[in-house]
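Here TrEMBL flags 1-19 as compositional bias 'Polar residues'. Residues or ranges marked as compositional bias 'Basic and acidic residues' by TrEMBL: 830-851. Annotation comment: TrEMBL describes 36-118, 154-233 as domain 'Doublecortin'. Sequence annotations record features per position, and here TrEMBL assigns domain 'PLAT' to 264-380, 392-509, 874-988, 1000-1117, 1137-1253. Annotated region 'Disordered' per TrEMBL: 1-25, 819-860, in sequence order.
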Amino acid sequence: MSDTPSTGFSIIHPTSSEDQVPPPRHLSLTHPVVAKRISFYKSGDPQFGGVRVVVNPRSFKSFDALLDNLSRKVPLPFGVRNISTPRGRHSITRLEELEDGESYLCSHGRKVQPVDLDKARRRPRPWLSSRAISAHAPPHPVAVAVPGKPRAPRSLVVFRNGDPKTRRTVLLSRRVTQSFETFLQHLTEVMQRPVVKLYATDGRRVPSLQAVILSSGAVVAAGREPFKPGNYDIQKYLLPARLPGISQRVYPKGNAKSESRKSSNWKVFIITSDLPDAGTSSQIYIILYGQHRSSAPIYLYGTDGARFQDGHEDIFTITVGDIGTLFKIRIGHTNSGHSPSWHCKEIQLHNMNSGKQFYVPVQRWFARDQEDGEICREFPVLSKGQPILPVTIYEVNVATGELWNAGTVANVYISIHGEKGDTGSRQLFRSKSSFNFLRGQTDTFFLEAVHLGDLCKIVIGHDGLGPGNGWFLDDVVIKDPTTNYEYVFFCHRWLDQGEDDCKIVRELYAKDNSIFSASRYHVYTFPGKLCFMMTGERQKLELKRKETWTAESWKFTKGNTLQFYNKLTGGFVRLHPDGTVDAIGEKTDKYGVFDVIFNERNICIFQSHEIRHLSLALDNGIVTGMVSGEATTELRVLYQPNRCALLESALVPGHTVVFDRHGKIADASSGYANLSKEFVIFVKGVFLNSAVVLLATSLCQALCLQPDGSCTGVGSQSEKSYWKVHKISSGICMFESVKNAQMYLRIKDGRCDGTGTGDVYCHFKIKKNLENASISLESTKSPGLFVGLQSDGQAKPMIYTKDENVCFYPQVIQFGRENPMGMSATPSQEEEKIHESKKQKKIPPESEDRSPLPSSTAKEIRHFQSGKTLLSEDEWKVLVLTGNTGTRANVTLWVYGDKGVTGPISLRKDSSEQLFLPGQEDEFQVEIRSIGNIYKIRIGHDGTSEQPEWKLQRVTMQHTKSKKILDFAANVWLSRIQADGDVVCELPVVKGGQAIFPLVRYQVDVYTGKLKHAETESEVFLCLFGERGDSGLRLLYKSNMQVKFQRGQIDKFQVAAVSLGKLQKVLLRCEASDKSQYWYCEQVVVREPGTTSKSIFTCQRWLPFMSQGIIHSEIELYLQEMQINHQPKIQEEANDKYWKVTIVTGDPENAGTTATVFLYVYGETKCSGPIILGSGKHQLFNSNTADIFKINLKDIGEIYKIRIGHDNTGKNPRWYLEEVRLENIATNELFCLPVDSWIAENENDGDLWKEIPIMGTKKAPLPVVLYEIRYILAACYGAETEENGGLHQSKNNEIKFSRWTVYFFIVQVDIFSIKAVSLGKLKKSEDEDSSEEVLFPCNRYATQRELLAESSPRAGGETGSIIS
């Protein structure tokens, strides 16, 4: 049936039925409650449509209650804290001051920015927007939909099953849509009868809240009985609403009566064929399309016997609103009943008002098992003097993504929209493939419809039925055979109730650059040149390249050691001592190993690991070895979708590292077919002992341990998917979950899961695949069985094949060390040690941001058995003396040195019940490697067992080889009910009777916010970080308050730790069981006894919080020199060099950024910058928040402008900046600089920087000038580049800095524009009222050069123009 309602209405009158008079309706009157109806708007935001609130003594007991209510409705960084009159002159402080029918402004501070209330009130609501369905529509006002932002309906018409006259309109509020069960319970109350099931008006089941979107805008509420067909006419009840996938026009209310008067009565004659079994038991419906609009779906049913039987003619009278001239009809059935198949012979329509008659020859089956399987068809009507639209069979190609579990078994529906209407909702039922919508598969369907003209959008989704119904849709390509056009609708997102934004229906729009002829080339013409480009394929290729680089870029972190494998030659790239290079080396060849000594984005220098003074270089197109640091050694890494990389000269773009099939440097005589420039990149030292790795299964998925112990390949690439490597011997490892300690990957009893205990079933041999740098894990206990993935991503033992289902792509989060504990190095390992020990491994920056792994929070537990043989150089004996009270809890030890930390180490033996008895000294052997001079330990227990209390007397450590002894005096209680209630203590090394570092009791003040529900009953943990390590993660247990973490409360705690030096950051963790226990923390203040200084760590956010689709229960708060102290010292107040900078991020969807933000402040004397304000990866610059910093602007003179921007890094770098405020701490001088703009590569002008002028004391602000820049690329090979150079959107070319060949002449002119505060003189005085063209000649290959200007004034124009 159609998903296309209209403002017209439709009534069916079966010829055999009699008119019925509806029963009278009884009315009841109640006296209204006196209340104030008030509108509230957002300060400074005319785009916010306002909220209406009814204020009376019953709804709000106090003024604070009103503020809390508005904080949930008006998006402000710190909630609604102030209400003022529309011009911001008077603040409202009492409910009695609010006046009925008036409007007020909400803000989070005293300062209020006025709003044009008339503009805010006129703003159309999103659900009133729509797109026209016809190009011939009359000139009525319409609202246009915003592409890419489908919205759920705000109201819904609910019919009673079998009784269309009983209907209710339901508001889809947040309260009633918390779950599908809650919604059904609400409908039970509204309909006053049990509601168990929901149906669409055509009889399809509506199984979820999301599936309501696929209905026609209304649902039928049923109990346990089946669907009962009826004339469920929704148009006059659903007029204001707009649902995704529904085209309609919104007309003023004044037209309703005129449309009623223009309604027409139609007689419909339907003849069923006399073929065997041509009749149907299903419900038939019809939709009439006119030039103005379409009718509603009209169900054809009666009360005088069976309809649509073999050879019978059925006659109906229907009433339809003013749809204009009829040009097509859609007819179909609901595929219900025992015999739904139907063969229709013909249809006749007679307009009883105008006398016009229309004849539609059909002669088609409407059946799933006949012809093309369609149960809905469209037909153009034959009318005198009117052109007939052709019936077109659209080819619909649906590409399912390549992610694991990307396929779906749900029923998929599509609605295609064009300038001449839509196809209605059609199920994609029959394709050329045996099974539809499998991972990585493109399914082709054919959809027959009356020609729609130019296509503009599609609505595609599924019904959410069946196991594993989630679906990752790559794109949809629709071919129109009538015009020979192809339309590409890009998606590349999940349609899954458990992924992404949880939507299972999406609106996709055809952009101008995704519409092209069926030859798949888009034609561009410019003066003197002609270009053909594969637009659709190019866009998909570029997207895949970016994703591949994101997944593989960790390999090129500075300090990593790499090998380059060439698939054509079957060998590794080698750099010989004489500077020659080939690609025929063996994996163990010492000349085939390279260190990354320089990395800037994708430009690297690869230095020979063996010959330190030489690096790979491209000199005049020839691959050679040159002195490290030369410009020729800078190579740009270009990743391809097949995970292979190209190495291109950064100095001469276009020149790449190329070898022939024999592994020799390629020359012109080699022939293109025998050349290869793609390399597979291998990183050395991935599986060293104690390394933390990701086992990626796709570009954005990884092998992950599930809560039930099973393993899946569809996990996110986050800390939940981290595995710790335990090296057993050369090439054999175990993998322990970092998030769930002591749970190992294993293959046992035909199953592959993560419930291993570290026995032989957890041992895997690592097989490296040279073709794609992946690895496969073979069980040593069951040779021939590998860890594999089924189509749904679940792990299962499999036999090795070259398919990707046994391939994993390792990513190193933290590098490990050489040999496993208790193992002697074999000769091969010793050789590897020589290579690996020469470099210090570092965590890639992106990996650090994804999951910080402080020693105190790592889930690394090592078990040491008595009598185990250890390497003497790293073997220590630990003696633990228990006082008069022992414990049976699990005891853990951390050891800190000046070069690192080891731990946690589990202190236990086979007979654990005999440990830590009163007065007993227990001895353990531990291995401590490469941590330098030991200065402290941390020891504690987990508080479990019947005897958790423990009196610790002393700890002694003795080095087994040197006999060196370290004493740690304790004499402390580790108990929740004794002393300070802590079960962990830190002990410094004692030398000469004195501790080398003092034991400090840090005073920690934790401020819980004043927002509603800010309090929590969850456990809160804290870890302090300083110059000398960390305090470990401590439970904040004993507070000065009787009940901890209450709203607006300050809780005081003590954290005893060996002096950490200057504090740098704190880590907070709150693992709430549900949202009602989430906690809002304002800040943490740490004081060191005996000093007047304090360290302030601002939080101002909820814990846990959502970031990149992942719920994080912990957050790191940094102490930065630029961070503002909310109580500045007196000395600072007297110094005018310090400024407070407030960065306000806007509230649009996904307004926050993951990039690093920079600020430049320009004064008359000098410029201060770049000032790094911080990174969104550290929870700064989130949507609808204000971040505060303190900066030093010493001696820059009077400020006249600022520049702010970001480096476009991270997963979501786009940023909506609302405002920047600068305030002098000493003088209180304040500059408020509104921005209200996206700073993003794909928004507005694509610029990543914004300049804002500042008005001086006696000077007007400088003007903002739009500079036009023209880059002229040279006519030589390799002149083009893929680098941005900071210029993102070319005005005239889709591909920037490219070369075009015209009669053997290569040239391109790229035009860019830069908006900046006027720079004044470029070469001579610039007339602000005219334009000046300034030429900067270069005539050289350039990475970064300074060019001097040559002016050539020209007349006209409005912008400055710069030619380079």
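One-based numbering along the chain as shown.
Here the Cβ of each residue, glycine as well, is placed from N, Cα and C on the backbone.
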Item to complete: Verify whether three or more Cβ pairs under 8 angstroms connect the domain 'PLAT' (1000-1117) with the domain 'PLAT' (874-988), leaving out any pair fewer than 6 apart in sequence.
Response: yes
Discussion item. Test of understanding: applying the rule of at least three C-beta pairs under 8 Å (pairs 6 or more apart in sequence), is the domain 'PLAT' (264-380) touching the domain 'PLAT' (1000-1117)?
Written reply: no
Worksheet item: Per the 3+ Cβ pairs under 8 Å rule, pairs at least 6 apart in sequence, do the domain 'Doublecortin' (36-118) and the domain 'PLAT' (1137-1253) touch?
Response: yes
Worksheet item: What mean pLDDT does the predicted model reach across the domain 'PLAT' (392-509)?
Response: 87
Response to the item:
Grouping DSSP H, G, I as helix and E, B as strand, the residues of the domain 'PLAT' (392-509) number 0 helix, 64 strand, 54 coil
Discussion item. For a three-state summary based on DSSP, what are the helix, strand and coil counts in the domain 'PLAT' (1137-1253)?
Written reply: 3 helix, 65 strand, 49 coil
Discussion item. Treating G and I as helix alongside H, and B as strand alongside E, what does DSSP give for the domain 'PLAT' (1000-1117) in helix, strand and coil?
Written reply: 3 helix, 66 strand, 49 coil
Response to the item:
For the domain 'PLAT' (264-380), the DSSP helix/strand/coil residue counts are 0 helix, 61 strand, 56 coil
Discussion item. Per DSSP, what is the helix/strand/coil residue tally across the domain 'PLAT' (874-988)?
Written reply: 4 helix, 63 strand, 48 coil
Worksheet item: Taking DSSP states H, G and I as helix and E and B as strand, how many residues of the domain 'Doublecortin' (154-233) are helix, strand and coil?
Response: 17 helix, 25 strand, 38 coil
